[in-house]
Amino acid sequence: MEIFQRSWRSIGVLMLLGVFIPSVILGSTYSLSTAPMTTTWSSDWSNGDWQYPDFGTAIPSLLIALVLGYLTASAWSGALWVAAKESVGQRVSLGEAFSYGFRRGVRLWGWGILAYLTVLVGLVACILPGIYFLVCLSLLAPAATFERRVNPYGRSFTLVNRNFGGALGRLILLWLVVAVFSCIVHLIGGFIIAGISVGLNGPAEVILTILIQAIISLVMIVPVVWLVGMILVTYAWARSRTEPISAQTLATQGDQ
């Protein structure tokens, strides 16, 4: 909770500018550009005109996902570094945080794609392996940020499995808070969007839906700030099981 109280503003601004605003801009631009295409597709389908999907739309979707993935990784790297620096009384400007995040984000972005594919394959093959991989890779972000000379993918597995029960308990509590908050926010937003879809159609429906989704994303910054802080605390706890670790250690390693 100390990290949340001390660094929530810095982390929140990083997530707002690095993740939320780009997501809204890119997502809304893509939604507006494909809305007419979606309408035409539905009309053709209802008339019995069998057409294959326009795979040209998949390429922009993939590019947007990759860009947002990099921005998210950069924001996470910057947020973790800021939290570590502020925990030892060192103030970091927003420009320094973004500069750090953009440099270190590439590493986390690459390993994050591999982690995402690992969890996805585990969920497809059988749900339990996917959940196991998700737990074991939960410390990937701080490992990639603070331990430059090790493989963060394997390091996350090692840290979690070294005391799996304790790590699992902490991570379950962490994700439970995020899940409950997210469910409440998205449930309220879903009811509002459903009401909009019933009462409106056409461009007005699309614009209002995008607006509600933007508000939902903005509110969801709150649990993300909590998530960043608790992941950092869990990472420090896991490392402390086998080596002396302190906030100063993390701040120093983050600068290396």
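Cβ from N, Cα, C; glycine included.
What TrEMBL says about a protein is an automatic prediction, not a curated fact.
Since the structure is predicted, the reported quantities are computational estimates derived from the model, not experimental observations.
According to TrEMBL, the transmembrane segment annotation covers 12-32 (among others).
Look at TrEMBL and you will find 62-84 (among others) tagged as transmembrane segment.
The transmembrane segment annotation in TrEMBL covers 105-125 (among others). Only residues 6 or more beyond the boundaries of the transmembrane segment (105-125), in the same chain, are considered here, and those with a CB under 8 A from a CB of the stretch are 69-71, 73-78, 131-134, 137, 140-141, 144-145, 152-153.
Here TrEMBL flags 131-150 (among others) as transmembrane segment.
Summarising the annotation, TrEMBL assigns transmembrane segment to 171-198 (among others).
Among the features that TrEMBL reports, transmembrane segment is placed at 210-238 (among others).
If one looks beyond the transmembrane segment (210-238) by at least 6 residues along the same chain, the residues whose Cβ comes under 8 Å of a Cβ in the stretch are 3-4, 7-8, 11-12, 15-16, 19-20, 23-24, 27-28, 31-32, 76, 79-80, 83-84, 138-139, 141-143, 146, 159-160, 162-163, 166-167, 170-171, 174, 177-178, 181-182, 185-186, 189, 192-193, 196, 245, 247, 250.
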